[in-house]
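Following: one structure in structure tokens, then a few remarks.
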Amino acid sequence: MPVAPSPTRPDPIAGALAADRLGAPSVVYFVLSAAAPLTVVAGVVTTAYAVTGITGLPVAFLAVGAVLAVFAVGYVAMARHMANAGAFYTYISRGLGRPAGIAAAWVALIAYNALQVGLYGAFGAAATPLVERWTGVSPPWWLLSLVAWALVSVLGVMRIDVNGRLLAVLLTAEVAVILLFDVADVAGPAPAGLSLETLSPGALFVPGVGALLITATLGFVGFESAVVFSEESRDPRRTVPTATYASIAIIAGLYALSAWAMTVATGPAHIVEAARRDGAETIFVIAATQLGSAVVDIARTLFVTSLFAAMISFHNTTARYFFALGRERVLPAVFGRTRPRTGAPKAGSIAQSVLGFLVIVGYAVLGLDPLVQLFFYGGTFGGFGVLLLVFATSIAVIAFFSREPSGEDVWRRLAAPVPAAAALAVMVVLAVINFPTVLGVPEGDPLAWILPSVYGVAAVVGVVWAMVLRSGQPAVYSRVGLGAKAATVHDLAR
Amino acid sequence: MLADDFFLVAWDTTGTGKPRLYLQGLTLGLAGALIGELVLENRLTVSGTRLQLLDRLPLRESVADATLADIANSPQHTDVRTWLAYLAQRSLDDVTGRLLTVGLLECVTPKLLKHKQNRYFATEFGPAVWPSTRLRLSLVRRQPLNPYDMLLAALVDACGMTDTVVEDPDHRPTAHRYLAAVLAAMPQPLRDLSRHVSAAVGDAVLTYRT
């Protein structure tokens, strides 16, 4: 006879399912390992100093971290009420309607592709000196990038992700090296001493601050992904928020500290000059004076493995993005299929690889710089896209809770989301105004308005496409924002 | 039974002895088939996201009856996705166990690397290839399907294996068109069940980690 479940009797089903669930530390590890900290510290931060020529990056990481933490209050609260707590566009679709959702999906697709493709440039630039030291031969950067590209393409279609344990070991090693470098930098300050100039809020009130904000946002990309694990976490109400806040705090603290430590070692007045001279080697050159060449060589190797892990991670993220949109039929259905043997989202993976190949070859033919014009432009362009998505999501959170309070308190519905949205709006405006500084080009350079307007065009095309879908294929339209769960929606009548 | 047929479609028992489908998709598809067996026998039904018990009468088959007993003993869990996730944990062992017992399968355990996947080989060729042959012929020749084969086709499709069954690329457009019509005409409980399997498989792709 069936026995009525009682609180004292353990639930065998819930127990069996909880056995392999994730706790907050595991989720933080997933989030951070995809963010590849050494890629940001050794690649993004130094290049940002070189390209923008301004030094307020350390305080910018803290400021953006604070804004994102306030934003996350409403974001994780809304995640609890979503059937499909996935990417930003699902929130935008739910909060602001499906046309906005489709527009956001296209913006996101462009942004993530840009982030991924940019990494190929950094890999080429960072691996060239290593190969040169080991073999004495100095290959062109694009050759190494193409080797990495080929590996990533094959691994992507075969669905061989970097093993979670290996990623965790790499992440730990990266963070250890970053902290070691920070200690070394701070222990051997330039004549300016332990200057706090770059950490003072005053460093934000300079022309071109928008460039710092975009760069800092780029460092945080991936913080949003903790919600993806809500169905697999031990206690979604606690695990996901804890992991999200912890990720933001760790990223903000680590990057602000490292960006500041570099300026201590060179002196705030000389960091730009050093970064322009040494490029991807900057942090290694700075640290070499304190740490000796063995440690620095280990760090250089870790930088390359960090980039490689980031490439695979972003490649898979992008391929899954294609997959989710294919499942909803927002993209052709072929993107929603997988390779049976491996479960790899094949079409999305191939599409990403084709784009990467074209970009690498294009840059090689045109003789453009892999670090600045591919990695940094791609990264900041993608980072700007993510900033737009975060901003739109912050509005969506407010709109969603104003319609459906869902039992959340006023702090989560309004008191945190509204200031977050306001701050993000300011960041977007500053970013657009200061785009020439992001790219390091003079005011009025066409690139500085072409790049941001790509997202505008994508959004407009997305809205038009939404209208086409609504009138032509209402069943498809009704599924937008559901991701893989689109399969469970019957038809428009429901 | 349905899960046996799904296994024989998804596992290359006449060649390499290895799965044709990645493990997560395979175990979810098998879990869907285990529920499907009970739905086809009117012990359970699926309505929207809910799995409901209709009849506790055993089928006199140990795996199906164990599944039925589990579901009957935990009435607080009605979400189809919960049951798919739960059954997926043991569906491979359950179904291969059943096929080993009736002597249709042989298991070869790898000698060197113990953690590697067991290989399964069919003892007879005909019964082993019949489920996928039957599906292919029905889909390509546009023959009517009974509810059992409709659900098998739907689960195979939910796991992205239709093109594996219809090997000839020239036949695929016909097969896909006919399959769409079949899926649309399926009884509601079967349609809802296969849609949940499809969504669970898709979510597994999106949250894949090693």
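Every residue gets a Cβ built from N, Cα and C, even glycine.
Here is what TrEMBL says about this protein:
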TRANSMEM  A:27-51  transmembrane segment
TRANSMEM  A:57-79  transmembrane segment
TRANSMEM  A:100-121  transmembrane segment
TRANSMEM  A:141-158  transmembrane segment
TRANSMEM  A:165-184  transmembrane segment
TRANSMEM  A:204-230  transmembrane segment
TRANSMEM  A:242-263  transmembrane segment
TRANSMEM  A:283-312  transmembrane segment
TRANSMEM  A:347-368  transmembrane segment
TRANSMEM  A:374-402  transmembrane segment
TRANSMEM  A:414-435  transmembrane segment
TRANSMEM  A:447-469  transmembrane segment
What same-chain residues lie close to the transmembrane segment (A:100-121): Cβ under 8 Å, and 6 or more beyond its ends?
39, 87-90, 92-94, 141, 145, 148-149, 218, 221, 307, 310-311, 314-315, 317-318, 321-322, 325, 330, 352, 355-356, 359-360, 363, 370-371, 373-379, 381-386, 388-389, 392, 396, 454-455, 458-463, 465-466, 469, 480-481
Among the recorded stretches A:57-79, A:283-312, A:347-368, A:374-402, which has the greatest number of Cβ pairs closer than 8 Å to the transmembrane segment (A:242-263)?
A:57-79
Under a criterion of three or more Cβ pairs within a distance under 8 Å and sequence separation of at least 6, are the transmembrane segment (A:374-402) and the transmembrane segment (A:283-312) in contact?
no
Residues from the same chain, set at least six apart from the ends of the transmembrane segment (A:347-368), whose C-beta lies under 8 A from its own:
113, 116-117, 120-121, 124, 140, 142, 145-146, 149, 152-153, 156-157, 315-316, 318-323, 326, 334-335, 337, 374
Could you tell me whether the transmembrane segment (A:447-469) and the transmembrane segment (A:283-312) are in contact, taking contact to mean 3+ Cβ pairs under 8 Å with a sequence separation of 6 or more?
no
Against which stretches of its own chain does the transmembrane segment (A:204-230) lie, if we need a Cβ under 8 Å and a gap of at least six residues from its ends?
22, 27-28, 30-32, 34-35, 40, 44-45, 48, 52-54, 56-57, 59-61, 63-65, 68, 72, 75-76, 79-80, 85-88, 115, 236, 239-240, 243-244, 247-248, 251-252, 255, 317, 379-380, 382-384, 386-387, 390, 427, 429-435, 437-438
Dominant neighbour of the transmembrane segment (A:414-435) in A:27-51, A:57-79, A:165-184, A:447-469, by Cβ pairs under 8 Å:
A:57-79
Leading contact stretch, A:27-51, A:57-79, A:447-469 vs the transmembrane segment (A:165-184) - CB distance under 8 Å:
A:27-51
